[in-house]
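Annotated in TrEMBL:
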TRANSMEM  A:7-28  transmembrane segment
TRANSMEM  A:48-72  transmembrane segment
TRANSMEM  A:79-97  transmembrane segment
TRANSMEM  A:103-124  transmembrane segment
TRANSMEM  A:136-155  transmembrane segment
TRANSMEM  A:188-206  transmembrane segment
TRANSMEM  A:236-253  transmembrane segment
TRANSMEM  A:259-280  transmembrane segment
TRANSMEM  A:287-303  transmembrane segment
TRANSMEM  A:315-337  transmembrane segment
Amino acid sequence: MPKKLTTILVPVISVILGLLVGAIVMLVSGYDPVEGYLALWEGIFGDVYTLGGTVRQITPYVLAGLAVAFAFRTGLFNIGVEGQLIMGWLAAAYVGYAFDLPAIIHLPLAILAAAVAGALWAFIPGLLKAKLQVHEVIVTIMMNYIALHVSNAIIKSLTDGGEKTPAIHESASLRSAFLDNLTEYSRMHYGFVIALIMVVIMWFILERTKRGFELKAVGFNQNASEYAGMNVNKNIILAMVISGAFAGLAGAMEALGTFGNVSVIGGFTGIGFDGIAVALLGANAPLGVLLGATLFGSLKFGALNMPNVGIPVEIVSIIIALVIFFVASGYIIRVFLERMSKKKEAK
Amino acid sequence: MEYVIEMLDIRKQFGNFVANDNITLQLRKGEVHALLGENGAGKSTLMNVLFGLYQPEAGEIRVNGKKVKISDPNVANDLGIGMVHQHFMLVENFTVTENIILGSEPTKMGIVNIKDAAKKVQVLSEKYGLNVDPYAKIEDISVGMQQRAEILKTLYRGADILIFDEPTASLTPQEITELMQIMKRLIAEGKSIIIITHKLKEIMEVSDRVTIIRKGQGIGTVTTAETNPSQLAELMVGRQVEFKTEKTEANPKEVIFQIDNLVVTDYRNIEKVKGLNLSIRSGEIVGIAGIDGNGQSELIEAITGLRKVKSGTVKLNGQDITSLKPREITESGVGHIPQDRHKHGLVLDFPIGHNIALQTYYKAPISKGGVIDYSKISELAQKIIKEYDVRSGHGESTPARALSGGNQQKAIIGREVDRNPDLLIAALPTRGLDVGAIEFIHQRLIEQRDKGKAVLLISFELDEVMNVSDRIAVIYDGQIIDTVKPNETTEQELGLLMAGQDRQSNNGQVKEGDE
């Protein structure tokens, strides 16, 4: 079986299997799976409002997925996307309300602030990995908690003990009257354009630039990279920083698009962790991440409609988790497909 | 004649690829039987069939005249077949005894009984003259000793038939000699041995009979006493092979590479290169002979910028290149065929084409303004693949990992030589390769020399050093203790020098290069 076909077939089969097992779960719990999945479908594609919501949900997933995938491709496991995203969210929201600038400067500045904040947050584990060989997984996990609480503390101190920052100025917003009208106030915003551009940028960095060549080489084999005259430490740090910038941008989507501010939160947003699943779904390729995020975001958003037909949110969460589970165990499906094709060849 | 093992008309195929085609191998009791073939000829497949790792599509296996079906390695063990793997299967931070009992630990009321096992290991070790300390940790003992631990492991489990897979690949000449003694001792004690190898010299020395396979086909079995190395090589490769590498007299000119008083430490900060002096002229090949661990690796790493120099200077074409960054050294005119092609030489997960561009990807014409023109990488890759006869499944896009060792090495050599360096460093360039590939690589080194380049060859194989070099520098304990001409020395003399015995005097270093 051609490799390309397997790469596409594996996630498709995974999703179908996930939905099948999800149907069984619904049946066993006494709900009608047909009705449930119809509600899911309606929740995703029902009307312009839900479509707008779906796109809005997908946007940060694309960026979080790119962040994880970029790190993967360069030999790093960035579990810190969540923390980098929170810092990006905070930075964008702050720049969004604290400055008063013309939109042409304000919006790019706020977006840039988010990218820089995410990048800086990722720089620390990158530096520790490069200089002291501290494993990035441990550092990034801890940095997530630090980000969560630092962000909460800063919000409180900025607002004298308040729960959320003031709304960003219009000039820093990704929202638009046009999109609001088109999608009946779904909160959909222009962030999806940024996400699409970033998909192209990630592809370009990895597949076309000299830097991408080095980042990948260092990710695969540090010794050979050093032998070939590459600066291994610099490349490790840079890989983390670029990954963090993508994560920070995901935060900007929430700050400048969806919410228009940043609030004190009790726990993680989950987008950063879901980014890992998205990257896996997309086989760490930019276009794959886009598709993975689309699936993931659609399921997440569409599932919100399932309680409307009486299916509890817990069951909905289980179904989403099942889909991801089957994707993550795509290895099993891959092995199965290979066996099948081998048998065919033997015949 | 009594056969302990008979593999008759064995056929094994993977998909459409026939790895073994009607191969017959018959092992007599008490003989050393060599299995000879090039890399990829199907030797390991055949032995894996015998060891129960693969099931043959056709043919039968008989042990002591009885037909058997070896469905997995445990069955092979029960039949008294033991394998000493090329890459040792040992737990580094366990002792010899712990490694030997691993998987079948003798217990007393649930507690592992190390003492009895160690005693048993000791007895076996003495019986076969292996001289292994049962309580030594694997990571503390030499490669040769580790191999003996592997041998003990098979003996402990009651093996009567021992399969040695490329046993001398990582041994020093002394250790090889000792291994040959051990094999003879094993035979004297009634064991039978199959040795997988492509080293003709060892076959001639130790084996009684040889079975040759070529490209999966059984070519036949000959009696060692009735054959000679050139006949064996011809049977193995399928054409005439030159052993003595064809080369004209060297025509060395001025000194272009010079090392003065170089001191290099290893990662524990222990001095490994201790004030080493060496010079190479353009148009000559200097071979460094020495036993592994006398500072060779540190020396190369220091020259190429992969390791810090503590003191001393390295000069190429009059330019001081000491402690420059690897890329600066590369660009000053150094080509480096690294000792470990998987660790340093290749990014195994990259396509072979990208690997061929590994030293030139960053500059024009491949890279312009930070953007790589991948069509230029293809051009370069295709050129080198053609010139250096690099064989791979899907050309330049094949992952480097999927190539055979010989083809990986050809790609590296192509990459380094194509840049036309003034100094070419070749560290163990033929390790693990078969005669055909070795011949090719030696010719390339000599070609560089004839173009007026300086070549530094580091090898643990005396044959190689004597064959290819124009001058041999013997390294011992981090210093060049003597320099000899290959036609004015013998293996014995070199062996003594490598063991640290000074040829002329006992006080210090002989100044090299003065004749």
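Each Cβ is built from the backbone N, Cα and C atoms, and glycine gets one as well.
The model shown is predicted, which means the values in this text are computed figures rather than measured ones.
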>> Suppose I define contact as three or more CB-CB distances under 8 A, residues 6 or more apart in sequence; do the transmembrane segment (A:136-155) and the transmembrane segment (A:103-124) meet it?
In response: yes
> Restricting to the same chain and to residues at least six past its boundaries, which positions have a Cβ under 8 Å from a Cβ of the transmembrane segment (A:79-97)?
Replying inline: 60, 64, 67-68, 106, 109-111, 113-122, 125, 136-137, 139-141, 143-148, 150-151, 154-155, 158, 165-169, 172-173, 243-244, 247-252, 254-256, 260-262, 268-273, 275-276
>> Please report, as numbers and ranges, the same-chain residues at least 6 past the borders of the transmembrane segment (A:315-337) whose CB is under 8 Å from any CB of it.
In response: 1, 6, 9-11, 13-15, 17-19, 21-22, 25-26, 29, 31, 36, 277, 280-281, 295-296, 299-300, 303-304, 306-307
> For the transmembrane segment (A:48-72), which recorded stretch in the set A:7-28, A:103-124, A:236-253, A:287-303 gives the largest number of Cβ pairs separated by under 8 Å?
Replying inline: A:287-303
> Any residues 6+ beyond the ends of the transmembrane segment (A:236-253) with a Cβ under 8 Å from its own?
Replying inline: 59-64, 66-68, 70-71, 74-76, 78, 80-82, 84-92, 110-111, 113-123, 125-127, 129-130, 136, 174, 189, 191, 194-195, 198, 202, 205, 211, 215, 218-219, 271-272, 275
>> With Cβ-Cβ distances below 8 Å as the criterion, list the same-chain residues six or more beyond the ends of the transmembrane segment (A:188-206) that contact it, or say none.
In response: 52-53, 55-56, 58-60, 62-63, 66, 69-70, 73, 111, 173-176, 179-180, 182, 212, 215-216, 242, 246, 249, 252-253, 256-258, 286-287, 289-290, 293
> Which sequence positions outside the transmembrane segment (A:259-280), separated from its termini by at least 6 residues, show Cβ-Cβ distances below 8 Å to it?
Replying inline: 60-62, 64-69, 72, 79-86, 89-90, 93-94, 96-97, 144, 148, 151-152, 155-156, 163-168, 173, 175, 247, 250, 289, 292-293, 296, 300, 324, 327-328, 330
